[in-house]
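As recorded in Swiss-Prot:
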BINDING   HIS83, HIS182  heme b b562 binding site
BINDING   HIS97, HIS196  heme b b566 binding site
BINDING   HIS201  ubiquinone binding site
TRANSMEM  33-53  transmembrane segment
TRANSMEM  77-98  transmembrane segment
TRANSMEM  113-133  transmembrane segment
TRANSMEM  178-198  transmembrane segment
TRANSMEM  226-246  transmembrane segment
TRANSMEM  288-308  transmembrane segment
TRANSMEM  320-340  transmembrane segment
TRANSMEM  347-367  transmembrane segment
Amino acid sequence: MTNIRKTHPLLKIINSSFVDLPAPSSLSSWWNFGSLLGVCLGVQILTGLFLAMHYTSDTATAFNSVTHICRDVNYGWLLRYLHANGASMFFICLYLHVGRGLYYGSYTYSETWNVGILLLFAVMATAFMGYVLPWGQMSFWGATVITNLLSAIPYIGTELVQWIWGGFSVDKATLTRFFAFHFLLPFIITALVMVHLLFLHETGSNNPTGIPSDPDMIPFHPYYTIKDILGFLIMLTALSALVLFSPDLLGDPDNYIPANPLNTPPHIKPEWYFLFAYAILRSIPNKLGGVLALVMSILILAIIPILHMSKQRSMMFRPLSQCLFWLLVAVLFTLTWIGGQPVEYPYIIIGQTASVLYFLIILVLMPAVSLMENYLLKW
């Protein structure tokens with residue numbers, strides 16, 4: 001008799017996606033991050049749901065409701081810190097996942113890659129709106145500064161900002177709509193994840209060599225399920241350690257001060273995972289130019305498949321491209337550090353140099369080095 005998992009209409013889909021899925025035998029731990037992101041999304045939706053049961057999206061009570069969650073709700077402090085630090089874990093996994101895709105040439109699956117870029121934007125939007133909800137000083141001023149960037153759009157900028165704010169400043173209407181969108185977006189993200197997986201399973205997974213692995217496939221279960229579970233344990237241990245030992249390590253102390261429109265914090269900055277883009281924004285002295293650079297710093301991922309000049313897919317056997325890739329990683333770390341520093345000498349010039357290098361490496365140096373490698377290999 002045929003197994004029910006192969007005949008049942010619903011189980012059949014799950015079976016072909018997670019059990020009998022043929023997977024390349026050479027996948028390294030860099031392929032764990034997709035499933036880790038799924039766990040992160042699950043943790044965020046669950047903790048967020050329970051937080052939403054106690055949170056009030058009103059400027060008068062939002063800050064106090066978060067305090068109430070931490071002090072009076074059973075394990076409310078745990079929910080709150082799991083949710084806040086879970087976002088950090090989400091972005092760590094997200095950036096490593098994108099980095100893996102860049103290194104091993106996974107972007108040649110253009111549909112999967114483009115849905116991934118949409119997912120990245122959706123997660124960034126969700127995280128930004130979530131940061132506004134506790135209604136602390138950095139929540140309020142972060143929302144004011146970032147939404148105000150849209151006023152740089154010619155003709156419609158000012159009206160667009162007021163439309164998003166629901167008034168002439170960040171206020172009750174803004175907080176309420178941000179809460180509504182923050183609640184809604186994770187479910188849209190879940191739908192996009194399904195589309196992402198649908199496109200991935202159309203082509204099959206890439207592997208570290210970048211060479212088609214059709215002759216050498218193994219079933220996903222038990223080989224990769226057990227490997228994924230090990231990844232879950234490592235990540236959840238790290239998250240638990242962060243939450244239980246230093247929950248405020250990645251947060252901003254200013255967010256423990258209730259929002260006050262009359263008092264500006266000395267340094268307005270977003271959460272650490274946006275600092276690289278924030279540094280690029282600040283390094284251009286023109287408002288519209290800065291906004292365009294900010295958007296392009298992420299959107300540049302969409303043109304990477306066009307810029308792929310190498311005859312080889314993966315960087316595994318391309319040492320010169322590897323050097324450039326790790327230089328790009330170093331530049332991103334530098335930008336993240338600069339984003340958290342005040343706007344003064346020497347940070348300004350370091351940020352500008354790193355921003356130029358970021359675009360130069362991706363747009364010019366990587367394609368040029370790929371062509372050189374082709375020539376050296378007599379292709």
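Just so it is clear, glycine is given a Cβ too, placed from its N, Cα and C backbone atoms.
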C-alpha spacing of HIS182 (heme b b562 binding site) relative to HIS196 (heme b b566 binding site), in angstrom: 21
Nearest recorded site to HIS201 (ubiquinone binding site) by CA-CA distance, among binding-site residues HIS83, HIS97, HIS182: HIS97
The transmembrane segment (320-340) and the transmembrane segment (347-367) contact flag, 3+ Cβ pairs under 8 angstroms: yes
Cβ contacts the transmembrane segment (288-308)/the transmembrane segment (178-198), at least three under 8 Å, sequence gap 6 or more: no
For the transmembrane segment (77-98): best-contacting stretch of 33-53, 113-133, 178-198, 226-246, 347-367, by Cβ pairs under 8 Å: 33-53
Fewest-neighbour residue among binding-site residues, criterion Cβ within 10 Å, set HIS83, HIS97, HIS182, HIS196, HIS201: HIS201
Alpha-carbon spacing, HIS83 (heme b b562 binding site) to HIS97 (heme b b566 binding site), which is rounded to whole Å: 20
Integer Å distance between the CA atoms belonging to HIS97 (heme b b566 binding site) and HIS182 (heme b b562 binding site): 23
Sequence-remote partners of the transmembrane segment (226-246) [C-beta within less than 8 Å, at least six residues beyond its ends]: 29, 32-33, 35-36, 39-40, 43, 78, 81-82, 85-86, 88-89, 93
